[in-house]
DNA sequence: GCCTCATGTTGAT
DNA sequence: TCAACCTGAGGCT
């Protein structure tokens, strides 16, 4: 689930549920019990996100959450907890259950700011400065596919947006940052600031342009098993939706990379 | 029931 | 470069 759009959507949903309330905070599983007691019943002013980091504000106590690979937040009417629930935030009307977070700690505003200072610009934030990312990218020998996943270069982009934004702009994933053209970087950033806000609205990642949908291409409809319609992510060995050649995959920096070797030749 | 995998990050080798 | 971590879902026996 969690690339930047997921966290920004959660910040909106958590704010809608709890801003202006004094929710009860508990830890059904127990691992967050001590901290939960500190913030339970305090006024909540809302939640915010930057990159893949999320925090919920209880006066000067910030609940800092990183979902990692498997963390989930479920917001629903109160019901008995199911599974391993690290934290429940609840009013009589709604409960938010957090499971499997990689990080879940209380921080002061100063501590939180120090964490956020490590992050590169987030395409989902209006104050983001893409020049900061370009400055890192255009003097790096690392492949652009690796740079896009580096949260200190750019924050919020994960494996799906990485693969898809490179495909949509026909850029080879192995192009070194220093050999990436300014035109390509501008195209990547401009695409991200279109795709990612749409991901927040839809709460899923769709990247296939209308002219390339299976219907438009006269192919049978298909079902992606990860909730969105995409060009190459997790489509290894299948036909490229645009040129029909085999979608390729390899492990880069420990993560699965997907691309079309025919469509993606630009630098 | 057991194994593998996942839109992520960190810390040790 | 690799293993560990957090949890649940799906595929397999």
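The backbone N, Cα and C atoms fix where each Cβ goes, glycine too.
For the domain 'Formamidopyrimidine-DNA glycosylase catalytic' (A:1-96), the model's pLDDT averages out at 96. Annotated domain 'Formamidopyrimidine-DNA glycosylase catalytic' per TrEMBL: A:1-96, in sequence order.
Proximity of distant same-chain residues to the domain 'FPG-type' (A:231-265), defined by a Cβ-Cβ separation under 8 Å and at least 6 residues beyond the stretch ends, is recorded for 143, 145-146, 149, 159-160, 162-164, 166-168, 170-173, 207-208, 212, 214, 217, 219, 224-225. If you look up TrEMBL, you'll see A:231-265 marked as domain 'FPG-type'.
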